[in-house]
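In TrEMBL this protein carries:
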type	residues	note
DOMAIN	22-86	domain '4Fe-4S Wbl-type'
BINDING	Cys23, Cys53, Cys56, Cys62	[4Fe-4S] cluster binding site
Amino acid sequence: MTEISRLPGPVMDLWEWQYEGKCRDADPTLFFHPEGERGSARRRRAEAAKAVCATCPVIQECREQSLAVREPYGVWGGLSEEERSAVLSQRLRKAS
């Protein structure tokens, strides 16, 4: 029989915050740019996604999760791909 201490912990506790996300009721295409989207169209879409994030009660949890897993696409926690990359680069510089 498997020792209880060797079993994985409760996963739901780690992800339950996502049920509170404002994005759950939004169109997912708002948060992820289509292939080839550039310039002002991409900026407008990203700003609209960030406006949803700005009113979200779990923005901080979402942001930290996206940084922890190095989420490569979309707007997460109010940050674009480029903004997350900049935050991670800044954290690496501070750590070294």
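Placement of Cβ uses the backbone N, Cα and C atoms for every residue, glycine included.
What TrEMBL annotates, mapped onto the structure for a quick look.
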| residue | record | DSSP (3 states) |
| --- | --- | --- |
| Cys23 | [4Fe-4S] cluster binding site | helix |
| Cys53 | [4Fe-4S] cluster binding site | helix |
| Cys62 | [4Fe-4S] cluster binding site | helix |
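Model confidence over the domain '4Fe-4S Wbl-type' (22-86) is summarised by a mean pLDDT of 97. Long-range Cβ contacts of Cys53 ([4Fe-4S] cluster binding site) within its own chain (separation 6+, distance under 8 Å): Lys22, Cys23, Ile59, Cys62, Val75, Gly77, Gly78. Around Cys62 ([4Fe-4S] cluster binding site), taking its Cβ as the centre, 23 other Cβ atoms fall within 10 Å, counting all chains. In sequence order, Glu20, Gly21, Lys22, Cys23, Cys62, Gly78 are the residues of the chain that are 6 or more apart from Cys56 ([4Fe-4S] cluster binding site) and have a CB within less than 8 Å of its CB.
Annotated [4Fe-4S] cluster site Cys23, Cys53, Cys56, Cys62; additional same-chain residues within 8 Å of its Cβ mean position, judged by their own Cβ, are Gly21, Lys22, Val52, Val58, Ile59, Trp76, Gly77, Gly78.
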